[in-house]
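Peer 1: Taken from TrEMBL, the feature domain 'Major facilitator superfamily (MFS) profile' covers 1-437. Annotated transmembrane segment per TrEMBL: 30-48, 68-88, 95-114, 120-143, 155-176, 188-211, 257-278, 290-307, 319-338, 344-365, 377-397, 409-430, in sequence order.
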Amino acid sequence: MKEIESQVPQAHHVVFTPEQERKLWRRIDLRIMPIISLMYLLCFVDRGNAKLEGMVTQLDLTGNRYNAVLTTFFIPYMIFQVPANVVIHHIRPSRWLPILMLIWGLVMMLMGFVKTYPQLAAVRFCLGLAEAGFYPGVAYYLTMWYPKYKLQYRFAIFLGTTSVAGSFSGLMAYGISFMNNTGGLQGWSWIFIIEGLATIVISCIGAIFFVDYPRTAKFLSIDERQFVEQQQPRDVEDAEEGTIVQHLWMIFTDWQVWALSIVLLSFETPAYGILFFLPRFGYSTSVSQLLTVPIYAAAAMTMLIVAHFSDKMKLRSPFIVGLQAIALVGYAIELSNASAGVKYFGTFLCVMGVFGAFPSVISWLANNLEGKRNRAIGLALQNSVAVVSGIIASNIYRTKDEPRYIFGHAISLGILAMGFLTTLSTALAYMRIIRNMNAVVEGEKDAQRRPTL
């Protein structure tokens, strides 16, 4: 990355009018956000429908085998995120991220041809390995483009694709369910094959249109590049001194990284539970798939609305607490003996509360980490810890608990409550830090160092 950054020298201080600034960010959004959002959509869209389309029966995934298959994905996905975000400092994002996508697209296609449980487990392991570097890489990449209080809305656009993926997966699975026995393959096989092909195509498009960092962005003028870099004053004086081991030690011993990792885990555990085991509402598989569409659409809208006001107010924790409360109410409804219609409403609350909070939690940590390497490693570590939630969800939503999943919902509710308390504790810790600074900001540098609440 040092070679990339050295191509453009530091320029004079650039001042834009508010209108010029709005137009600039709009151009950047249109160039960056569509391609990374589409790439992440394909990354996430494969993770919820296999069980519905007959894979369990055909591959004899009896007992806890299905849960074990889900777990094999998360082990490499968790382990390799931090190493991947170390690599992104040495390989251009426009090459690294599309290559990862191409690999997991090929793996996805292979999943459509597996015939046995061990084959499926092995391919799922490879999928986790291939996808591990994509999300933390993009999260770090966005922090290199957007200032602190423009960041969450862009995270919401990017992560909102997870909600769209839920809707898209439901519609796609409904259509592909009519392809049973086409070409001698079952519907679940066609889901993986078609999604794998789409992923490969998008990876090639990404390799063409992906741009690296502001300093080398050819679609911007020299003044525009300089203006974007001026919005990151926390990095202007960041010498990036020290070895990679020293940076790793700094992040692995940083209390805020672990605290906000726990908060993210508290949202991701129920999120994966929802994704893998979304209630059937008492209807057929096909109808249930269609009923998920408005739920995920509502979650995407929640992400964007919360992000808009969170950036505008320059606050994270109050919105996180509010979304936790909404999700807790939703899970209380799911645990009750309410009718299918009421539980459908409860599922709306669960999904809106859980998915709506992701951009807030990630932006909160990104806002409070100084330095490029620290943010790259810190964001990767946060998600690595949170990925444990996938392993938890894969094993608390047990086949024997169908269709109500009382045990899984109860654990998810408890983990959400833990996250609620951790959020409050973290906010109080940041408030104490601000008080110790005597609530006096002297100069832009000190303003940047003041924690975001």
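Numbers run from 1 along the shown chain.
Here the Cβ of each residue, glycine as well, is placed from N, Cα and C on the backbone.
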Peer 1: Decide whether the stretches the transmembrane segment (377-397) and the transmembrane segment (120-143) have at least 3 CB pairs under 8 angstroms, with pairs required to be 6 or more apart in sequence.
Peer 2: yes
Peer 1: At a C-beta cut-off of under 8 Å, are there same-chain residues at least 6 beyond the transmembrane segment (95-114) that contact it? List them, or none.
Peer 2: 36, 39, 42-43, 46, 59, 87-88, 120, 123-124, 126-127, 130-131, 133-134, 137-138, 141, 185, 189-193, 195-200, 202-204, 206-207, 210
Peer 1: Which whole-number mean pLDDT does the model give the domain 'Major facilitator superfamily (MFS) profile' (1-437)?
Peer 2: 86
Peer 1: May I ask you to check whether the transmembrane segment (257-278) and the transmembrane segment (30-48) make contact, with contact taken as at least three Cβ pairs under 8 Å and only pairs 6 or more apart in sequence counted?
Peer 2: yes
Peer 1: Any contact between the transmembrane segment (409-430) and the transmembrane segment (120-143)? By contact I mean 3+ C-beta pairs closer than 8 Å, pairs at least 6 apart along the chain.
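Peer 2: No, the transmembrane segment (409-430) does not contact the transmembrane segment (120-143).
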Peer 1: For the transmembrane segment (319-338), which recorded stretch in the set 30-48, 68-88, 120-143, 188-211, 344-365 gives the largest number of Cβ pairs separated by under 8 Å?
Peer 2: 344-365
Peer 1: Count, for each of 30-48, 120-143, 344-365, the Cβ pairs lying under 8 Å from the transmembrane segment (188-211), and report the range with the highest count.
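Peer 2: That would be 30-48.
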Peer 1: Can you name the far-off residues of the same chain, 6+ from the ends of the transmembrane segment (344-365), with a Cβ under 8 Å from a Cβ of it?
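Peer 2: Hits for the transmembrane segment (344-365): 139, 151-153, 155-156, 159, 162-163, 166, 256-257, 260, 263-264, 267-268, 270-271, 274, 278-279, 281, 291, 294-296, 298-300, 302-303, 306-307, 310, 316-317, 319-320, 323-334, 336, 338, 378-379, 382, 416, 452.
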